[in-house]
Structure formats: structure tokens, C-alpha cells
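One structure coming up, written as C-alpha cells, with questions to follow.
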Amino acid sequence: MEGEVATNGVILKHNGVKDISLETCWPEKKKPVEATSLSSGSSDIEEEISVECPKRVANQRRKRSKADEIKTKSSRKRKCDDENKCEENEKKQRSSVKKRATTWKEEEVVVDDEKKCEQQLQLVPSSKATSRSRSKKSVSVDTWLVNNEIDVSALSSRSESELSDSYLKTEYFNDCRSMTRSLKANLGELAICHQCSKGERRYLFICTFCEVRLYCFPCIKKWYPHLSTDDILEKCPFCRGTCNCCTCLHSSGLIETSKRKLDKYERFYHLRFLIVAMLPFLKKLCKAQDQEIETEAKVQDSMASQVDISESLCSNEERVFCNHCATSIVDLHRSCPKCSYELCLNCCQEIRGGWLSDRPECQLQFEYRGTRYIHGEAAEPSSSSVSEDETKTPSIKWNADENGSIRCAPKELGGCGDSVLELKRILPVTWMSDLEQKAETFLASYSIKPPMSYCRCSSDMSSMKRKAASRDGSSDNYLYSPDSLDVLKQEELLHFQEHWSKGEPVIVRNALNNTAGLSWEPMVMWRALCENVDSAISSNMSDVKAIDCLANCEVKINTLCFFEGYSKGRTYENFWPEMLKLKDWPPSDKFENLLPRHCDEFISALPFQEYSDPRSGILNIATKLPEGLLKPDLGPKTYVAYGTSDELGRGDSVTKLHCDMSDAVNILMHTAEVTLSEEQRSAIADLKQKHKQQNEKELQEQNGLEEEEVVSDEIVVYDETSGALWDIFKREDVPKLEEYLRKHCIEFRHTYCSRVTKVYHPIHDQSYFLTVEHKRKLKAEFGIEPWTFVQKLGEAVFIPAGCPHQVRNLKSCTKVAVDFVSPENIDECLRLTDEFRQLPKNHKAREDKLEIKKMVIYAVEQALKEVETLLLDRS
């Protein structure tokens, strides 16, 4: 019997198996488990907390009638002859209440002693967190809840309208104080705050959900400003999964990172889709190796099947790179027996073809002309000069012999120039060819039909689309922009794949809505890093190396000062905004270890986890590398940067135009807006005029150019949720974009605000940021424009490999990004790998950090293993 199943746009035919219906496996929502009480009276108190019992109603009526009685007496007193004295007494009473009472949203005022206590509260709570076991503390808490006369649930059930009355405010806080005294009397040393581990707090609030944890008022106000004390009583931050105390922040496994579990049928279809996509590239790699073996057979004057290839000694923890082009070597390569110089197969072909590039070293250096020049004034006498040697060095000859053999590289290129390079292997003999044959055999049993179209963006669905460009006659001016809830559906994954295969960016809205809500305040993250970690790491966290966006240089700054500037802003002496940014902080190789909860929270927020999950994404080729093999650093990486909504034109908080070798997804986790004063705005306007005059003078002196007036025609709109402005270019427009940048390179500034005079690669140099004016000129001269859109808080932006992009921060932003490798973009990854190897030596983008060829072969191997296991389970 023959059946068909469709997934990922692929139709599977199989023999002897019944038709399989592809159903999305939705994890059932677990109901919160009610806290079990260890005392005999726990059921009574739970009933009293959960329902509106007659006793509570009578209690509340009695309190309201008492409040009405007080109001009546107060009104009668106003009619007495001693009216002035009564008013004076009332003022004193109100003043006393204001010092003692607390409201949830508008008037949270603490008594003087509490203020002193809050001032004494250290920025970083004590790292000596006490472990509180359920077995000991829960019994005491349960006993206290049963025997205590204070109605905790009645406190949490009152509305703001009830608490607006002064009498009820006072009574409420007296009850809270009485509750705290009772807690301390019954629990003793265990009556401590879960957040700061201190027991001398005046107000402690117990969670009625877990009946275990307590939080003090200063910690609630400082670390959980979005929660009221009623919220804490109902469900504490720990039970909500948002506790940011040091102990919890260093705990892993508390957050479920996977949103949707795949059943075995879905896994089978995804793996088959991956094998289909990878096989053509595996064949190319095998073909290149077969050609090299045939060449070696000619050198040895033997048959290809008789060529003996010795194994190169290489461990799994070692990366092997070509000494000439810095490309990763996967299997076959040539090596010098004398000096161990190693050459990849691509370089071997280029030597035999006679088109090998010398790849000279990059000599780019920018001249420092002083801080006055950076701010638009005259340059200071230069103490340094630009060391660019424009004289062309003679080309070094490196040719192959007539039989195809290649000698070691000349000494000028790092070799010895003496011995003939020998053919070496890293993998077992015929391992790759056997893998290719195995994949072909597997796919031969199944037929493939053209995929169906799942795109519904052509219909009137404004919620799924976002306008990002105004290209004439183009059908891709709108970007696919689903909600995070929609992406959990199987049909939306197919919808995503259709846009993704075209090289289009994707924006997913509200990615943080499905997370626990952990705080991404930079101060919370910094506190977690400074406590409960190795002392050496903790000491290194006191200072950070940030990038000054104006001079484009690293500056060392105190970590606390940096984060204060994140929320309050920083300026130079002339009131020009100082824009600083931290890249990859903390380092991504330590991010998961130092901030495990934040790492789990980020992964749980990732949409389309079949692609983006860095741990177990079934269509993420980077996850297929076997254990023990050295893996590339793909993140997650954190980016913390200042920002302002107005485009300054010089020193903006930006990520300059660049192109990533792999796919990436970037989520805006936190923003903070810094308001500029009128004095600062006036100073900025004056300084912009100085910058303009400086530009006009320099351009006139160099090329007779004149700076044009900026006329903005951008379609983006900013609002309170806006965070970052993105410009992403189409792959097809890259040649025209590069031509424009080479033509106008002198108009751009980079390090020390010096003009860009030398271009090695207009995109990979990362020296350019296109302002509004440059984007207008680009469209006028070359007819191309990027997708331009604003990333809002909680939005995830998917960037395909090979799409040049730039970002400008409209506010202080905390973004987290992770790289991944999708089957649809393997061809682009390989193209970029070859493009990077053509860059000069010591160019920052030259190294093959991705090792995409290695990923391809191991992805096919791992997918075949998993498919075989699934087939055995089905049989």
C-alpha cells in the first residue's frame, strides 16, 4: 500500500506503511499545583483564601461601617465652633497617614525608618543566600497561617477604591506590620526575605500560593516595581518564574525553553527535508575531493583507487585552517612534510589555474587629529601619520609543476619553498563518499513533489504584513510579520519557510509575551554577574571596555557608570550626547554559565525554534555537530547600547553596515528612554552646524563636492515602544550597493571621525553607515533601497545570511542575538565563505569562523542516524 504525507512542502511516499496524518503536537498546559499544607488546618485556610466566606464579608462590612462612622463624626466636628482646631488636627492626622501608608500605583511612601533602611540597602544584595527547605519552613508557615487571626486574603482582595480611604490605608498597613511581627514570632530566624536574605525588614509579605517565601517591601519596590504587594501576596516572583535574586538567577532548568514538542512524524519529515537540502552540497565536496585524488594519481603514476592517502594527526578539539586563505579544512588537504604548511583544495586549484591571489596584509590606519576636530573644529597638529604603503609589491610566483604537484609556499608567503606538498586526510578513507551514497539510497525510496504555497500575505491581512520599502513595481515592499502566538502553528512554519527561502527578513511581534517575564534591566544582569561567581570573573566585571560611537574606539569605563548612563544618559563637555555600546557582554562563551536563567529565558522567547533554537533546533544545521567536536561561537550574544531618536549624523549609536556569514535572529529585550534637555538640544543644533561647515570645507578641498541638504522621506514612524531602526538590503542589490559605497567612500567617516580613504571591501570593512541622505542618494543614483523598519520592544528580527544590514538605536537598548544555519541558505553561506577568503591578511572578517563545510557533512550524517532510529520505531 502506498501513501503520501506533505510537510515542508515535500510529499513523502512510502511502501508498506499506512498513511500518516501530520498533527501538531501541542503540549498541554499544566495547571498550577496548589501548595500542600503539612498542618491539619491547612484546608480551612485555603478555603478561606480562595472563596468569599461569610466571616470575611461580615468583617469587611464592620470595617466599612466603622469608617462611615468616623466620617460622620468628622463632618459633625466641622460644624462646631472650634472649626479651625479640628481642621488642624485633621491635617496632622493626614500627614501622619501619608508617612505610614502605601498605595500601589501612585503614593508609595514609606515611613522615615523605612527610608533609612532602603538607603542602607546595598545595590548588590548579600551573596550569602540562605537555603530554605520546604520541610522545615513550610510547617512553620502553615501553622502560622492557620493560627493567625489576620486575614491575609482579605488584604489582597481589597480594591484601590477601598484603600483610597485614609482609615483603611492606615488599617491595612497596621495589619501588614502585625502580620510581619507574627511571622517573626512564629518563624524566628526563618522569617527572612527571599530576595535579600535579610530578616530585619519592617514589612514582610508571605506568598499565599507557595506558603514558603517572603519578600520585604524595599526589595519589592526596588526589584519588582511592576508588582504590588497584593500581587506578591497572591503569587510571589519565584512562583511567577521571575525572581531575580542571585540564587535564582544562577539556577538553570527552571524555565522550559521548548515551546512545542515535535512528534516522531514531524521529526522524520524535517530531517528528510534537511537531507534533501544538504545532498547537493555534499556532492560538490565529494567531487572536489575526487578531482584531487585523480590529480594525485597522476603524480604517483597510478590508478585513483590505488592512491594511498596518509592520515593527518588532528584531534577533535583542534581546528585546521589553510595557511594561505584561512579557510577551514574538513578532510583532504595538502601538507608540507618539512614545515607543516597546510593548503586547502581551493587554493590548490587556484595555483594550478594560475589565479592565486597574494592576499597582502591590511595596512588601514586612521589619523588622530584631536578631540576638537572630532567635534567639528580645526584639527590639532598631528602626532601620528597614516601608515599606508600605496606602492605595489611585486607579485610572488607560486606555480604548480606540470604533473600537478605543488611545492611548499615561498618563504615570503609563510612556507619553506623546498618540499612537495603531500596529500593528507582527516576523516577515514571513503567516509564522505559512503555518506553520499547512503543519503542517495535513503532518498531514492521516496518521491518529492513541488511544495504548495502557504503564503497568505497577498490577501488583505494587515496584521501579518509590515510595510518596509517603497520600490516601484516590487512585490516585496511588505515583510512577513506574524504574532508570536501564530508561529506555534504548523502552517505558519510553512509560511515562514516560503518567505525565508526568498531571502526576505521576518519580524515576529510580541516574542516576550510567552516568557516568564524575567527582568532584563542591565543592573539586574550586572548584579547577577558580580555575585555567586568566581572571584576572578567578579573582579573583571567592575570595568568594561565599551565602544565610543563618536570616535569608534574602545574606552574603559566603570560598569556601574556605564549602566547609569544607559538610563540617565551621558554627554561630553559641550553637551553632545556620548553614545557608548557593549558588544557581546558578557562574552557569549560564558553567557550560558554566568546568566543561565537569562539564557533560558531568551531561548524560550525564540520564534520558529525548529530553526532558531541553538541547542536542539531540528532544522538548525549548527546543532548537528557531534559532541566532542570544537564548535563555532554562534551565541547567544548580548548587545547593550545607548541611543537617541534624533539622527545626529556623527557619533550615532549604530551597528555599521555589515553582512553576517550565517542567519541570525535578534530580539529587543529592554529599552530605556533618555530625554534631552532644551539646553542640550540647543547645543546639539549648534554643533551640527559646525559639523556641516567642516564637511563642506573638506569635501570642497578634496574633490570640489558640496554637501547636499538632507531631505527625509523615510516611511517609518516612532512611538513609545520603538527601540531600533533597521535597514536590510536585498542580496540582489549588493553589487549596486558596493558600487555606491566605493564611489562615495570619501563622504563617510570612521575611526577618530577621519575620512574613509581606503576600501578593501565596502561591506566587510564595516566602515559605513548610510544616513537618511545617503539612502536617498542611493535610490536616486542606483534605484535601490533597503527594507527599513523600526524594531519594537519584544520583537524578533530574522536576518537571512548574505543580506547587508545596519542598525541605529532610537533608545538605550538591550538586544540579544543568536546565529543559526538554515538549509535554505547554505548556498549563501558557502558563497560568503569564499568571499571572505579573498580578503587581505589580518582583515577582521577573513577568518572562517563558521566552518560551514564541516557542518554540511555532519548534518547529513546526524540526520541519517536520527531517521534510521525513527524508522525502526515505526516498524
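Cβ from N, Cα, C; glycine included.
Taken from Swiss-Prot, the feature region 'Disordered' applies to 31-103. Taken from Swiss-Prot, the feature motif 'Nuclear localization signal' covers 62-69, and the record attributes it to sequence analysis. Among the features that Swiss-Prot reports, Zn(2+) 1 binding site is placed at Cys193, Cys196, Cys216, Cys219. The annotation Zn(2+) 2 binding site is assigned in Swiss-Prot to Cys207, Cys210, Cys236, Cys239 on the grounds of sequence analysis. Sequence annotations record features per position, and here Swiss-Prot assigns Zn(2+) 3 binding site to Cys322, Cys325, Cys339, Cys347 based on sequence analysis. What Swiss-Prot lists as domain 'JmjC' is 614-837. Taken from Swiss-Prot, the feature Fe cation binding site covers His658, Asp660, His805, and the record attributes it to sequence analysis.
Can you tell me where each of these features sits in this structure?
Cys193 (Zn(2+) 1 binding site) falls outside any helix or strand according to DSSP and counts as coil.
Taking Cβ-Cβ distances under 8 Å and a sequence separation of 6 or more, the neighbours of Cys207 (Zn(2+) 2 binding site) in its chain are Arg213, Leu214, Tyr215, Ile232, Leu233, Glu234, Lys235, Cys236, Phe238, Cys239. Secondary structure at Cys207 (Zn(2+) 2 binding site), as computed by DSSP, is coil.
Around Cys347 (Zn(2+) 3 binding site), the same-chain residues at least 6 positions away in sequence with a Cβ under 8 Å from its Cβ are Cys322, His324, Cys325, Leu356.
Non-local neighbourhood of His658 (Fe cation binding site): Ile763, His764, Gln766, Pro804, His805, Gln806, each in the same chain, at least six residues away, with C-beta under 8 Å from its C-beta. Under DSSP, His658 (Fe cation binding site) is assigned to a strand (E or B) in the three-state scheme.
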Using Cα coordinates, what distance in whole Å links Asp660 (Fe cation binding site) and Cys339 (Zn(2+) 3 binding site)?
34
Measuring Cα to Cα, how far is Cys339 (Zn(2+) 3 binding site) from Cys210 (Zn(2+) 2 binding site) in Å?
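Cα to Cα, Cys339 (Zn(2+) 3 binding site) and Cys210 (Zn(2+) 2 binding site) are separated by 67 Å.
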I'd like to know which of these binding-site residues, Cys219, Cys322, is least surrounded, judged by other CB atoms within 10 A.
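Selected from the binding-site residues Cys219, Cys322 on minimum Cβ neighbours within 10 Å: Cys322.
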To the nearest Å, how far is the Cα of Cys193 (Zn(2+) 1 binding site) from the Cα of Cys210 (Zn(2+) 2 binding site)?
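Computed Cα spacing between Cys193 (Zn(2+) 1 binding site) and Cys210 (Zn(2+) 2 binding site) is 14 Å.
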Counting across all protein chains shown, how many other Cβ atoms sit within 10 Å of the Cβ of Cys239 (Zn(2+) 2 binding site)?
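Result for Cys239 (Zn(2+) 2 binding site): 18 other Cβ atoms within 10 Å.
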